[in-house]
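Taken verbatim from TrEMBL:
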COILED    122-149  coiled coil
DOMAIN    11-100  domain 'Disease resistance N-terminal'
DOMAIN    179-345  domain 'NB-ARC'
DOMAIN    433-496  domain 'Disease resistance protein winged helix'
DOMAIN    689-816  domain 'R13L1/DRL21-like LRR repeat region'
Amino acid sequence: MAIGEVFLGAFVTVLLERLASRELLKFLRPSGIDAQLKKWRRTLLMIKDVLTDAENKQTMYETVKEWLIDLEDLAYDLDDLVDKLNTENVQRKLMENDEESTSQVQKFLSTFSNNLSDFISERGINSELQDINERLEDLAEQISMLSLVMNVKGSSDKTGERLQLTSVVEESEVHGREKDKVDLLKMLLEVESSDSPVSVIPIVGMGGVGKTTLVQLVYNDDSLKGEFDLMAWACVSDEFDAFRITKIILEKVSGSCDYTDLNMLQVKLKESLSNKRFLVVLDDVWNEKYGDWDILRRPFLAGKPGSKIIVTTRLEKVAKIMSRIPAYHLNLLSDNDALSLLAQHSLGTKTFDVRPDLREIGKSVVRRCQNLPLAVKSLGGLLRTKASPNEWEGVLNSDIWTAEEKSEILPALKLSYHYLPPELKQCFAYCAIFPKDYEFNKSELVYLWMAEGFLKQSQEELGDDYFDELLTRSFFQKSSANTSSFVMHDLINDLAMCVSGYKCLRLDDMLKDNLRHKISGKIRHLSFISHYYESYDRFSSVNSFQSLRAFLPLSLYGDSNFFLTQRVLLDVVPKLYCVRELSLSNYQIYELPSSIGNLRYLRYFNLSRTLLKWLPESVGTLCNLQVLILECCSRLSKLPARMDKLINLLHLNIAGTSQLREMSEGIARLTSLQTLSKFVVSKSSGLKINDLRDFSLLKGEISIEELQHVVNVQEATDARLTNKPSLNKIRLIWCRTFDDSRNEILELDVLDALKPHEKLSSLEINFYGGSKFPSWIGDSTFSMLTAISFGFCKKCSTLPTLGKLPLLKDLSVQGMDQVKVIGREFYGNVCDGELLFPSLENLTFEDMSQWEEWHGLAPGAQCAVEIPKLCRFYIRRCPKLVSLPIFSFPSLRELSVEKCNEVVLNSMHNLTSLTQLKLVKISGLRSVLEVFEQFPLKLENFEIDDCEDLVTLWPSENIVQRLVNLQKVCVKWCPKLMSIQEIGVIGSLDIENCASLESLPENITSFRDLKIINCPSLKMTTLEDCSTSLENLTIESRVNLNLTNLMLSFHNYSSLTRLCIYGYDGLESFPKGGLPIPNLRDLEINGCIILRSLPERMEQLLSLKILQVYDCPSLTESFHKRNIPPNLVYLIISNCRVNPLGELDLHKHTSLKSLCLGSVYPELVFFSNDNDQHYLLPPSLKYLELCNLPNLETLSKGFQNLTSLQQLDLWDCPKLEALPMEDHLYNLLSLSISNCPLLKKRCLRNGDYWAIIADIPNVEIDYCSIYDPESCVAGEVIVVDDGEEVLPGGVVVIAPPPAVAMVTANLIPLVQWPGGQI
């Protein structure tokens, strides 16, 4: 592992502050340790004075670098010791201040010795003191031997010498900057109206993106000749020297300069520029001090109007200091331009035409470089000396990306790192925990920095500033996929790994590169990509990392659920004694061991999306805890009783905990909380609404629930929501039950008293029982509201005035049963020409059972109500709504109308932007065309469902010809619809349960997806017209089609990859000669009761990966070894006649990874022939499901070769009592058993199999996890891959409960991963 450079300034500064803590010194005084700490502090101060010199010399002298590494190691150990002493002090104070501790908490606190000297001896403090003292003295003694000097200027102030860039460029070697060049030239040549004669144009971009190259192109462009009287170029670099820069520019414009005084230089430069139109380039500016820039710019003010200064910088802050003009941001190259640049520098040509054998490797190279020009050029220069593809492959797969001596990339990017202040260096180095392309959240990263001690507890805002600074310096980038997340460029990620040195380990890198024996035991931060199943073996080396501070699983698949073996919870996690940041997020964990309370230094604890019902009371002893995340713990019903002991807790996220209906009153004492996402009002002994009074620091969002328990309006007033300006999202929730205990007047007064601060951006009110809303809702003073939602406020008969809120984007109204009329009060007093809902983009009305009228701006007014920016409108289950004004929705893109009268559709005009239309159960609808005054011609997707009166869609040739964007049509449960001839040319058609439908459209040449389900009147003789375009075909139940005629063998369906036939009563056989589908990947046949044989020549379907056949009892010519596709990955056979297992030669199909056998071998006793060495199953299997095998007794035979098996599901095997032998279960990650009583008995905790299966991450018996007997496991989709790992860990199939059970009538197994599909 490469050891990066060591920068300890910020760490040592914080450590010095902790050593000087008066409270700690007072606590230690009786033991005499305070004197030792004071001595250490003096020594550290001396070391700090030479630290900068050591950091500067570490790249030149290995001995200095080793000294820094030893110092860093010591600093961490010393910090751990100080933390241990501080924690003991806090714990003792908590015990002294609380004589009523619960027995559980007292049990843990009782482990702390009453006598300080006893604590010191019992915890081995003396040996730690001696060890640290010896090491610190040794380091101090080496200072003179290493000739380290005090108070040297640091690398963040001055970096090493590097070659300065000039204005010279070869334009033919520049690629992909044509548009940028045009844009910049336009900025230079346009005349601006400005008070200043000089315009400064900043160019901002990450290191290596080509800022200088772009400006070189422009600087030398012929179109500038004659436009400027004088031109000059100065490379400013990281050290901003006004004298040097002024002298360079003066020499360029006057030809000579022998002045040694800045004042004279500036006087002469001013004279030279006076009344001249000039262009000056200041390249590579880093200076962030406005005063320095103000001095430099003064001579430029003498220039003629139209003069320009171009500034290139990596820092947005620099751009803002030097110019009022918005910065021009330079992006990465396109794929093609990056490839051309690589060809230029590696082959000397603009394309790979002369070496086509290198083109694909070249594409891989530019992808590795992430299209960063500097990286591409550097690799191109290296590859210029490599002639063969093997040599190029060697470079592509080498360590050049992290080997500093072989690449210009890291030095180029390292300049950015060197220039960071010490506090930002440690924050950036910590980001080495993130794998490449990992999307991270700003607040989460700031939490981690805070837990690591990079921020003082009261300075979390400083962490936000640090993050923003790293963002502006291009260390972070906004994710293109998720605007609320961030990523690091791959090369920046490499830089983070390099500078973090041995401190950070990505577990996946260690295992992938087989580096277990090379990893330092001093690892401080450990991260790993979450696998679906986590075995103990993956973490077996973690206990050797005695000083681990971070244990962080990272999910690449959003909120997916994962399984973690209990052994990790019991044997690994509780021994992470130094851990500060611990996450078990997304793991299916049912309970935590009480020993979690031993992690006394824990600051960040993420348990989100786990299955915990409660936390052990020992969590209440974690007095250092700052962040506790329990978000979306859907089963959580209880928090520790003594939450008030978490005196340092700042963030408690319990959003999405629907079962948590009571919170202990001790939480009210945690008044430093900044995040409290849920507040449950207690009926008796828990929290009261007025307990919110003292939470003055709350920010973000809060959900205040069970408000029916508020019986005193004054208590609601005392909550003082108006005094919490940082709370920008508030949910107010009463109980769902509307009974006699509800008081309408009281609830109105309570809601009125809960008026929030006017900076509120989002308001949600659910199950409110008042008869109206208070006046503050909709008041114009709440001008920052962007989202409002009213849910099931069943007693309210009117809506508040919302139409004039200027920023309102999202409005949802649901379940307001008493609303009959929405009148003018909804809009407010609107003046002529004033827009209604000026920012509204999403509007939803649902479950309005009594709503009858929606009025316009005035009674009987004919003018349309226009909502100009509305993009999505959902109106569902409003059956009585029959009176509406005319609406104009010029921006509407998505419209969904369900269980409403067709009058609702009649009211909608100006749908010129509509692309998505869904209509469900529209009463009276006979023709889609007739209900629209102006038919939406930009439609892309159309769905209509359960419209009993529908006769036609849009019977107009004119409309058909103009629907040029329509791609997908879905028609379901429309019994009177006879024809869909008029839908035009589309790509996807889904027709289901249309009893009268007789024909499909004539033009089907563009069909890619076709699904026909239960359309008995449909007559169709051929699919010839779409034979080259069709990709997916599904036919199910009561369809009057002749498959043999549809798929004549002389048509080659070359694009068809998926064919599904379900419940097709008319299918007796497939076309003679086999299926004319050479690229078929997925074939599914279900419930075809008269089908006698499978397709012929299936062995020729080389692309077939998935084959599923079930519930076809008439099959007589079924599977035989010569008719099995050779490259199958997934095979399921259920309730069919099948040749004896030994005749299929499945053991030879080594591509097969998933096998499901159900109700096929009633006589099967075990999986082997008489010769135990003749195996029946292939060794490649990763997933095996056996279902309804009534005579199967044992799996101990025939499983010896299944060394890759990861998941085993056993269902309805009443005689089965033996699993494979223990050594054959070594790789098993999941075991599911149902209705196997003999086996079940042996697998329970007192059974003889328990010791064998206890380490398996997921074990379920009769649908219940053995780790949570109360929980019943819900079904999940089947998932498969085609030989390449799609989820980390190589898991292929996940199918609890059984796939066989899932694929019965009309239940189709989905074959896909979050990351892709077959």
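Placement of Cβ uses the backbone N, Cα and C atoms for every residue, glycine included.
Bear in mind that the values here come from a model prediction, so they are computed numbers and not experimental data.
Here the coiled coil (122-149) has long-range neighbours at 33, 36, 40, 43-44, 46-47, 50, 53-54, 57, 61, 63-64, 67, 70-71, 74, 77-78, 81, 84-85, 113, meaning same-chain residues at least 6 beyond its ends whose C-beta is under 8 angstroms from one of its own. Contact counts against the domain 'Disease resistance N-terminal' (11-100), taken as Cβ pairs under 8 Å, peak for 433-496 among the stretches 179-345, 433-496, 689-816.
In the predicted model, residues of the domain 'Disease resistance N-terminal' (11-100) average a pLDDT of 88. Applying DSSP to the domain 'Disease resistance N-terminal' (11-100) sorts its residues as follows: 80 helix, 0 strand, 10 coil.
Helix first, then strand, then coil: DSSP counts for the domain 'R13L1/DRL21-like LRR repeat region' (689-816) stand at 28 helix, 28 strand, 72 coil. When DSSP labels each residue, the domain 'Disease resistance protein winged helix' (433-496) comes out as 32 helix, 7 strand, 25 coil, counted as helix, strand and coil in that order.
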